[in-house]
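*Asks:* Let me begin by handing over the structure; questions about it come next.
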Amino acid sequence: MTYVLGIDLGTSSLKGILMDEVGNLITTKSAEYQIDTPKQGYSEQRPEYWIVALESVLTGLSVEISDFGQQLAGISFSGQMHSLVVLDDNNKPVYPAILWNDVRTSKQCQEITDRLGQRLLEITKNIALEGFTLPKILWLQENEPEVWSRVKKIMLPKDYLSLWLTGNIYTEFSDAAGTLLLDIEKKQWSEEITDAFNIDRRILPELIESTDRTGFVKAEIAERYKLTNEVKVFAGGADNAAAALGVGLINEEVGLISMGTSGVVSAYEPKIADYKGKLHFFNHTVPGACYSMGVTLAAGNSLNWYKETFGKGLSFNELLSEVYTVSPGSEGLLFTPYIVGERTPHFDSKIRGSFIGISAHHEQKHFSRAVLEGITFSLRDSKDIMEKTKNKKFKRLISVGGGAQNPDIMQMQADIFNSEMIRLTVEQGPGLGACMIAAFGCGLFDSLEAVTKAFVHYKEASFIPNPKNVARYEQIYQIWKQVYKNTSEISHQLVEFNDEG
């Protein structure tokens, strides 16, 4: 038996997934760490938190699995995107990692937009947002010049783990694509962007494919965990790219709907596509491919907010128990899930959520259904942009996250998206994609398609659109789409009013 290990470096925890060479799950281990918020809007972590967590996971695996050390062949990673790690000439961190959800960089985003204009979108296929890496670099240059003077290498979080394991510094294209420094099409660091902001390209890591080897586990670490083989380490991928691989997003026929705190719609892209900044566009873990991604900022978050505000004391099952006695369209009640602003397709941080069409006959069950429908309508915005731009409709959509556990929500998705919906037998998230990269890299399979066939499995039952419901949803969705343009100015005025208070 041969084992491969996928390490998923998340925002609040690190998870290790151990699988065998035919795709059977052996076990999982995880370790949590803190997020530091020294000031409002700041979100940081010390890279050593991640190392402590990785050590804990490796220890747990070596204790639980008796032949872990003898059978482990390869390790790969998935990791939180965009977060900035800066090292000195001894490869030691000189500043806490500034995380993807840190929002201190609004000024720097405007500087990037003003200086590069349309060229930023042409080169990186993305617009400047606080989450990306380049604004964090500029903030460090401007606000911590002494720290910046000591920076000899810039890294991304998962690559710091690879450095610790192997002693080598690399990154791969799916994570580099989230920095705003990568020329997506040429697959190289952009001279135009680095020159514009006085960034020495020598401090950027060497670029390789997700499936390329970064090295071998160092002897002292191998000895500590009794690894008897020369364990290979592979570059891995950004969390969303690894998650896409881990659900089988390796061709254009399927799309991915993921509903967690935020909602994500992803599509495989065999070549460069021009979404004109309406969607995120990144290199994939599949060599030579890309993926597009639309984001609903508050998907599950809207449902959680609704429950805590209007259903306190109720379980989710109780809150939603009567939703399916209400007809599609919630009898004329609409909800927009813009409670923290919105990403796709509006990129509007000052838009706010709303219930529209409240009537005297509406009960809690109508509001509950309207929330679910509003979240799904927002996800449909992204799906429709993808299909219209590609002029190609998805044959099936894979649903993961909280919504995939509820058959009624799955049917609602099928009806609103007008697409067959399928589910995984077991969800393991980005870490599964990392395992798949390690399995391919170790030569256990001759293609990522073969790995996918062995590692990714779907439930037999799917959810088929109901034509009557599809027609009703098409009608109400066209009305729902008008809410943004008719409430955005009011929302902006309300945000300004609240800020003044």
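Cβ coordinates are placed from backbone N, Cα and C, and glycine is handled just like the others.
Straight out of Swiss-Prot:
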type: SITE; residues: ASP8; note: site 'Important for activity'
type: BINDING; residues: MET81, HIS82; note: substrate binding site
type: ACT_SITE; residues: ASP239; note: active site, proton acceptor
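Mind running through what each feature is packed against?
*Replies:* Within 10 Å of the C-beta of ASP8 (site 'Important for activity') there are 29 other C-beta atoms, taking all protein chains into account.
Just so you know, the Cβ of HIS82 (substrate binding site) picks up 24 other Cβ atoms within 10 Å once every protein chain is counted.
Cβ environment of ASP239 (active site, proton acceptor): ASP8, GLY10, SER78, GLY79, GLN80, MET81, PRO430 lie under 8 Å away, each six or more residues apart in the same chain. Taken residue by residue with DSSP, ASP239 (active site, proton acceptor) is part of a helix.
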